[in-house]
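These notes are about the structure you will find just below.
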Amino acid sequence: MKTVNMAAVLKACLSSLLIFNCAGDEVLLMRSTDTFDNWTMLQLDGDDNSDPQTQWTKNNVLKAFDVRNFAGNQNNWVVSPFISVDPLVTSVRVRMSFILYQCDYTIYTVDQCKQSFKLYSKVSTSGQTIDAAFVNSFTERGQVDLNDPGNPDSKDTTFNITAGSAGFYVALKDEGAHIQGVTIEVHYFKCIALQNGLISFPASFPSDTVVTGQCAPNSSPVGSLERVCYSTGQWSSGTGSCGCDPGFARNSSGNACYRLSPCDSAPCYNGGVCSNSADGSTFQCACSGIYSGPTCEIVQGSCTPDPCQNGGTCADLGGSYQCSCPSGYRGSECQNTDFCLNNPCQNGGSCFNNGDGTGYFCSCTGVYEGRNCESLPTTTTTTTTTITSGSVTVTTALSNLSVMPKSSSSLLALLPLSLLPLVVC
């Protein structure tokens, strides 16, 4: 191949609308500065990669049609416009779909009718760079072998680029394959957003930089949450974990924490129905049947818990109970003091405890009285007696006698001696 002055070739080509007919060993058929080129941006969505851990992002889909007039004795170039990428992209994939003309062996030689062409690329860190040595600065990325000229075919090629690059060009070098039409899709890898239990990682570009995960709401990290997005678009194995905060529990799917309510722990026993308070901070048990207590833990009419007080002994009677009280206590649950234990009632009086358990009273016998039947009654009686003897009448009064005489015939015996001589004439 002879040396070509590329500056002269490009100048000549740019001056002519028939750029495909430029003479020389190397011809630039299409590039981004040509306003009449056949590159068209196609808007395509979707991800055709079957690996759930890998996501292809289509950056540009370019198309060139009807690239003709390739000469078998020269290198024919098809160069894409500048393809910009995110500065974090480090790996791209170029998918080429193409159709080749059937080679006319009556016109071209077998050597001229080649069954392959080559893919090149040029990475730029500063944007579009067109110069005289443009195509010569491309890097070969692989050879595209043709299976059935004249029919559609495709080829995928993946290559790495330097992180921070502004973008790149791709180019096809035809040495006689007679390209009829080419579609080029440019993709790059991206690690998809990842949800692993309570940990989530954002979609990320491949990089050596560690990506820090985030815990789901109402959970906190246990250890460092780190992964690396590899250049293949796959995540590394992760470190650390997330646990639900106090008062929260993990849901059945394991990817969220929900607030526990007081009733979640089933605090009500014996069939009690739990209900949360309006603010969700406390609970209340609705007990049924013979059960009672804050958590329906008390069985009414039983010895659980022990209802007998003051050391009483409980006997479970199957739905009811009976307390045997120690000396000095009484009542159904030995709750009252037995004030009659030492029988404070005297003179044969009977002792009874008050119904309210606050004391006692005595029922006295005979003529005894008092709180404890300790005294006889005191009687104040005034008796007037008149005795008439002849013309003398004697009147006397008796008072403050503790015991009254049983007959009046003995009244004289009770008269004071000073009254006996008195005779009224």
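Glycine too: its Cβ is placed from the backbone N, Cα and C atoms.
According to TrEMBL, the signal peptide annotation covers 1-24. Sequence annotations record features per position, and here TrEMBL assigns domain 'Eph LBD' to 24-196. Residues or ranges marked as domain 'EGF-like' in TrEMBL: 259-297, 299-335, 336-374. According to TrEMBL, the feature disulfide bond maps to CYS268-CYS285, CYS287-CYS296, CYS325-CYS334, CYS345-CYS362, CYS364-CYS373.
What TrEMBL annotates, mapped onto the structure for a quick look.
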residue: CYS268; record: disulfide bond; contacts (Cβ under 8 Å, 6+ apart): CYS274, PHE283, CYS285, ALA286, CYS287, THR295, CYS296
residue: CYS325; record: disulfide bond; contacts (Cβ under 8 Å, 6+ apart): CYS308, ASN310, GLY312, GLY331, CYS334, ASP338
residue: CYS345; record: disulfide bond; contacts (Cβ under 8 Å, 6+ apart): CYS351, CYS362, SER363, CYS364, ASN372, CYS373
CYS285 (disulfide bond), number of other Cβ atoms within 10 Å: 22
Residue distribution over DSSP helix, strand and coil in the domain 'EGF-like' (336-374): 0 helix, 11 strand, 28 coil
Counts of helix, strand and coil residues, the domain 'EGF-like' (299-335), according to DSSP: 0 helix, 11 strand, 26 coil
Spatial neighbours of the domain 'EGF-like' (336-374) far in sequence, C-beta under 8 Å, 6+ residues away: 325, 327-330
For the domain 'EGF-like' (259-297), residues assigned helix / strand / coil by DSSP: 4 helix, 11 strand, 24 coil
Among CYS296, CYS364, the most crowded of the disulfide-bonded residues [Cβ within 10 Å]: CYS296
Confidence summary (mean pLDDT) of the domain 'Eph LBD' (24-196): 68
Cβ atoms near CYS362 (disulfide bond) (within 10 Å, other residues, all chains): 22
